[in-house]
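Report on the structure given below.
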Amino acid sequence: MALTKIFLILLLSLLGLYSETVKSQNCDCAPNLCCSQFGYCGTTADYCGSTCQSGPCRVGGPPTGAGLVGNIVTQIFFNNIINQAGNGCAGKSFYTRDSFINATNTFPSFANTVTRREIATMFAHFTYETGHFCYIEEINGASRVMCDQNNRQYPCAPAKSYHGRGPLLLSWNFNYGACGQSLGLDLLRQPELVSSNPVVAFRTALWFWMKSVRPVLNQGFGATIRAISGFDCDGRNLGGVNARIGYYRDYCGQLGLDPGANITC
């Protein structure tokens, strides 16, 4: 009789464990958590590693597009872009994949949740703004001081220019000021840091991206054009808009994605 009771207890325990395992495999993790092979949510390698089912999976996860940024922006992907810049381009010896990866490491909320579509979108804009990473700052930018003297929160420093610099051409004193404040850099007094340090350059682009572009990603590529360069939309610069779309389609193809809907503005 005692053996029968022990057997029943063990059987019920196993059934309970099985039930809990099945329940856990119905993974409904938060967007920032990975679903492990056993259906549990977490952020460590046990959850986001090679057996990850869904979420921001890392190496070897399912082909959902989510994963560490370095696994999406490979050296080949980066080289395919920058190699199209001419040999005389200043950016060709300035921008590197490593500097981009290092910059993303300072934005963990980006690096740990980025998708292939977001990379295709981002690098389409990088390509357009910099001419395949040819330009570090906007053409003839030094002739455009771009100082809003009415902005008292971020006053312009004497003899400094706030023309477009970096992969997304950070411009105007109020953007340099807010960006520098966020990054812990005095970009109001040293705006040239953006064009002399490639990691800083990419960090400024990521700052603008997280603030103004990522919030509209789910609206389609067209919404990101409007967020970055709204004055090009509504037929005002069809050539520029179509060029951005062309790069986006190209990178979607390289990353195995359909461009999706709402790609123009």
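Along the chain as shown, the residues are counted starting at 1.
Cβ atoms here come from the backbone N, Cα and C positions, even for glycine.
According to Swiss-Prot:
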- Glu129: active site, proton donor (ACT_SITE)
- Cys27-Cys35: disulfide bond (DISULFID)
- Cys29-Cys41: disulfide bond (DISULFID)
- Cys34-Cys48: disulfide bond (DISULFID)
- Cys52-Cys57: disulfide bond (DISULFID)
- Asn102: N-linked glycosylation site (CARBOHYD)
- Asn262: N-linked glycosylation site (CARBOHYD)
- 1-24: signal peptide (SIGNAL)
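Location within the structure of each feature annotated in Swiss-Prot.
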{"residue": "Asn102", "record": "N-linked glycosylation site", "contacts (Cβ under 8 Å, 6+ apart)": "Val199, Phe202"}
{"residue": "Glu129", "record": "active site, proton donor", "contacts (Cβ under 8 Å, 6+ apart)": "Tyr135, Gly164, Pro167, Leu168, Leu169, Ile228"}
{"residue": "Asn262", "record": "N-linked glycosylation site", "contacts (Cβ under 8 Å, 6+ apart)": "Gln219, Gly220, Phe221, Gly222, Ala223"}
Take the C-alpha atoms of Cys41 (disulfide bond) and Cys34 (disulfide bond) and report the distance between them in angstrom, rounded.
5
Give me the count of other Cβ atoms within 10 A of the Cβ belonging to Cys34 (disulfide bond).
28
